[in-house]
Structures are given as C-alpha cells and as structure tokens.
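Annotation comment: TrEMBL describes 102-127, 532-541 as compositional bias 'Gly residues'. Summarising the annotation, TrEMBL assigns compositional bias 'Pro residues' to 550-562. Residues or ranges marked as domain 'O-antigen ligase-related' by TrEMBL: 292-449. The feature region 'Disordered' is assigned by TrEMBL to 101-145, 531-575. Look at TrEMBL and you will find 157-176, 188-204, 211-232, 255-274, 286-301, 330-352, 433-459, 504-520 tagged as transmembrane segment.
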Amino acid sequence: MTHAATHATGQPATHAAVPATEAAVPAAPPVAAREAARPAPLTVLARGLRRHVPGRLLPALAVLALLAYPASPGAEGATPADAASAVLVLTVVLRLLREGRGSGGRGESGAGGDRGGSAGETGGSRETGGSRETGGSRETGGARGATRFRAALTPRAALVLGAPVLALALAALGAADAATGIAGLGRYLQIFVLVPAALLLSLRDARDVRVLAWGLVALALAEGGVGVVQYLTGSGASYMGEDVRAVGTFGPGDVMGMATVVAYGLVAASGLALARTGEAPRLQRPLAALCAAALLVPLALSFSRGAWIATAAVLGLQLLAAGPRRALAVLAAASAAAVVLVGGLGIGSAMLQERLSSITKVTDAPDQSVTDRYTLWAAAADMWREHPVTGVGLKNFPAHRDSHASLALSAGSDTAGAGQDFRVQPLLSPHNMYLLVLGEQGLIGLTALAGSWAALLVLGVRRLAGTHRRRAPRHRPLDCGLVACGLLVWQLVDFTYADIGGPATVMTALALGLAAWWGLGARYGAERPGAEGDGSYGAGGSAAYEAPGRPVPYATPCPAPHRQPASQPSERRTP
C-alpha cells in the first residue's frame, strides 16, 4: 500500500486515488450563471466608447450630434448645438482653472524635492499614482496639464485667435441698441474666438482629430440618408415645383444646412482616405473612401451650387496635396459614384444637368435668387462706402438694407415643403461673409477677421507642405492636415456666397478649431512605436505638446545617466 492511498490516520483507503490534474479542474458553472455574468450590450458599447473616444471630446461630439436635432419652422435664437458649444467652452475653462490650481502646489512640493535631491537622492525618476517624481521633485497631474495648456496657448495662438476681439467690441458699440450689440458680439465671439480656442485646447493628438473627423462623417451620413429618402419619396423642400430637394432635418428654411454638413463630411472622409501607409489604422482608408463616395449622392441632391463649387475645389486641392498615387483610389470611387448618380437617378439627372448649367449663366441669364444676391452685395458695398472704417454696426444690415438696395430686390425667399407650409423668408444678410463684415464692421473688422483666417490658412498650408519632406516628423500625419486645411478652405470659399446664420453655423467654429490645432497647436512629441496610451497627456501615448524652444515633457521617465561618485581627496599623513 502506497502512501498516496493511505489516510492520515494510517488506515488504507477504500476508494481509488483521484489524480491531481482531475481534482484541480473546477466544475463548469451553470448556463444561467454564465448568462447572468455576461455584460449587457449597452455596457459593452459604453466600454468601447470609453476606450476609443476620450472624455474630453464628448462636448465637441455632442455639438455634432445635436446638429441633427430637427429645427422648428421660423425658430430664432440659440439651438441645442449652440448650447453644447457653450458647454465645450465651459469645460475647458474649468479645466484651466483646476489645472492652474494644481500647478500652484507644484512649487511647494518641488522645493521639498529639491532639498531631498540635494541630500543625496539620485537615480532617475519615479511615478506614483497620479503624480510623477523626477530627480526628487514631484510633478502632479495638474502640473502636467498646465504645462500642456501653456504649450498650446502660445503668444502666436493668442494673437491669431484673439485678434478679432477688439474689432468686434468696437463694432458692437455701433449697434442700434445695447441688446442687439451684445447679442451680435456674443455670436461672433462664439464662432470665431471661443469655440475654436476651446477645441484647440481639447485636441491633443492625431487620434483626437480622427475621432472628430469620423464624427463629421457620421453626421453627414445620417443627414445625407435623410436627404436621399426625402428625394425618393417626394418629401423634401420645394424645388422647381416638386418637393425633391434634400434638406435633411434642417428644413426648407435652411437649405444650406444639410449641404454644409454633407460637404464637411465629404471633405473629412476624403482627407482620411488619403492617409499615408502606416500613419493611420488599416481600415481607415478604404472605409473613408467608401463614405466619401456615398456622400456624393446627397450632396448632389441638395441642389446647392455653392456647395458643389466649394467641395470640388477642396477635393482637387486635397488630391494635389496628397500626390497621384494616393489619389487613385479616391478618384476611382468618385468616378464610379458619378456614373451611378447620373445614370441611375432618372429624373434627377435632368434636374442636375439644368442646375449645373445654371452655374455658367449667373451673369448672362441669372435667376431671381442670383439677382437678389447681386442686389444684396451691392447694398453691403454701398454701406461700406458710407462708413468705410467702422461700418454701420453689428446686426444693422437689415435696418440699412432698403435704403441701399435697388428695386430689383424681392420681398423675400419662398420656402415650402419638407413638412412645412409655404412662407416667405426675409432677406436679412447679403449672403457673402466678407461683404457682411465689411458693411457692418468696416475695414477694421474685415482686417481683423480676414487676417485671422489668412494666418490660419498660411500656417496650415506651410505645415502641410512640410509633411512631404523626406525627413518629415511622424507627429504630422498627412490625413489630419488634409482634413483641417480642407475644411478651412471649404469654409473660406463658402463665405463668398454665404455667411453665418442658421443651425449649421456652429460647424464653422469646429472647422476653425481644427485649423487652429493643425496650424498652431500640432507641435506635440513624435509617436513612440508600441505605445498605446489613451491619448491623454502623460499616459504613455503621443500626446505631449512641444512648446517652441522647450523640451517635450514625456510622462514615461527616462533613466538618469549613471554618475560616478566624486573621488575624495586622499588624506596625507604627516610624519
């Protein structure tokens, strides 16, 4: 009898010994227990969003999501998307205040660390919890965040984004009343200063830009899908006597809303599709090319000539900037989509051809909408001639319109369809942003605003050109530059036939914020191979910003160089 078959009392066992491997296998849990332990689908979705979408981008993504909220007919004032943009600005301000207080305590801990370091503590750096100790000094998370914000808020960034503030304040003084001036000043500051600056401080690396770009694409696909259904079912806005114009959830009162959203998504998808090999996720390029081809259909069904012109110009510039090899796939997809669009839409092909041909007839045989636009342009130019320096004041264009416009101007724009009754929409702007600023704010306002846009464009294009150098830094991915510069160029072209107004105006602020990140704030550290952080500053990723002339403050400590102890002088014995 072996020892394994004997009880502890020494009596022989009456049953066979169970092998250790079989005894160690636990019993399988019942099916009900496994089903109860399985997480719910919403929980899985929430975990995936937390993993791939940084929390700091949720306010910006909320702006995009609330843009799809159906607009009420004739509604004025702030929209849900405007409220979300205010939340975006508020969260950034609170983060600045919180991290500023966190960096204030850095001096005390740093002083103690210096004393400890002088006492003989060497040997590199150490990370504990939410803090980091380097050479005896302790750097908290708030200090790291404050460092990143100081790096992003460079004097050049403050000058470019803050240049229009004084000019806008001066123009607000010339408004008809204080309430009108304050409302106009707040709107301009929201679109051209506050939201772009908040987005500049929220975006940290290329992954954040791609997340926001995919948000634009998702919104464009949703609005474009609604527009295609409106065209197919005859439930769109009225166009040439038929309710076939795709307007999405914006309604016939803002026919440019869906066209702007779809064009933004198309430009973003095109930029993502032209990414270099190895700079972006593997599925990004084919998926983005497919989305870009799909968005051509609702863009065409919007019957917006201005959106067509701006989008065609931007796509051509993107293809030139990306090079011929990377543009082949996008060109092939666009050609296939054009064949399907022209050959498969039936009656839509005739409408599209007529709309396209009307672009070349805007001077020879303009329709009433073009005539109204020319008349409003002349009225804005006449206002500027009377007040060349400061203009007539913010939001004063409607009050001075009739005294400067000719009799060719109609009473308003007729809108109907998409579930709304017929109504005449008043013409309250010249449908040209440059002339609107020139008429209401004069040369001072136009110089400040247009100068800020031109600075963003020059800085962005210069950085985009630097991505083609042989030794271009890897922290300047081509697709992010194409998206940022493409949206900025689209908006500047769009300003020649449109201005701020309507629910989709807040998208202008997002475009300027992306352009500001690329031209002013995209100087973060190069991505380290194999680092898969969450994109936040100091999280093992590639989100550390680089201030001009300052070293990149990585969170991962570098080992301190080995130092030989100083040799002590030998003592001589006196005889």
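Glycine is no exception: its Cβ is also placed from the backbone N, Cα and C atoms.
TrEMBL: automatically predicted annotations, no manual curation.
With a cut-off of 8 Å between Cβ atoms, the residues of this chain six or more beyond the transmembrane segment (188-204) that come close are 54, 56-57, 59-60, 82, 85-86, 88-89, 91-92, 95-96, 148-149, 152-153, 157, 161-162, 164-165, 168, 212, 394, 449, 452, 500, 505-506, 508-510, 512-517, 520-521, 524, 535-537, 543, 545. The domain 'O-antigen ligase-related' (292-449) scores a mean pLDDT of 81 in the predicted structure. The transmembrane segment (286-301) shares more Cβ pairs under 8 Å with 255-274 than with any other stretch in the list 211-232, 255-274, 504-520. Packing against the transmembrane segment (211-232) from elsewhere in the chain are residues 52-54, 57, 60-61, 64-65, 67-68, 203, 243-250, 258, 261-266, 268-269, 271-272, 288, 291, 294-295, 297-299, 301-302, 348, 418, 480, 483, 510, 514: each is 6 or more residues past its ends and has a CB under 8 Å from a CB in it.
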